[in-house]
Amino acid sequence: MNPDEDTEWNDILRSKGILPEKEPDVDDVLDDALVDAKQLAHENRLENKDLDELAELEDEEDDEFLQMYRNKRMQEWKDQMSKAKFGSVYPISKPEYTAEVTDASKEVFVVVHMFQDSLPACKLLAAILERLAPMYPQIKFVKIPGKQAVENYPEAMMPTLLIYGHGDLQQQILTLATLGGMNTSVVDVAEALVRAGALKDSDIAALKDPQNAEDELGKRDSSVNDDLDDDFD
């Protein structure tokens, strides 16, 4: 009996531990590694493409692979939507902070806006977060007056943006100075969420499209101007 032969009897003996497992064929291992490497290269090339951009690549890519990758991206999107629980910016009070922020961040990322209504920068950030919340409903966005959250919290440190995840504070942003000041955009804040781990680069790819960025700028300016006008009514 040749223990290296691929026979049903040898397979039975191997399953019982009587014969050692057959050594993998070197050529087969190399072939598998090559296939994996090619697929990884394809996926890396396509990673940040949205569904419309994938459609534009149909002439360049293998149809079967492209359809498989499109299905994968669609499933990722569905999985993300299935995790959606929020979609708005929710007001919280100091007694609720531990449960609504620290404890909640063990399951999802939580973004906290500490604000003061009279500050234009706080109005700007509030308008941006109101845009982002429905776009990323898997993230919990909350707001709390700064002086309610921390007694005598200085105006000079507001707005403050706190990003929690995995049960702990991941990033703290004091004022809009590091984001762009009064020119801070939706993309600037979204990129901060990426740096904190709350989003992936691919999640904000559509936001970075020049046309989308222009649209968002118009919506942001309109919202902020409305808030500022209210102050003089």
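Glycine too: its Cβ is placed from the backbone N, Cα and C atoms.
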Select, from Ser82, Ser223, the one residue given the annotation phosphoserine by Swiss-Prot.
Ser223
Quick one: which of Ser15, Ser222 has phosphoserine in Swiss-Prot?
Ser222
Counting by DSSP secondary structure, give me helix, strand and coil numbers for the region 'Thioredoxin fold' (86-233).
74 helix, 28 strand, 46 coil
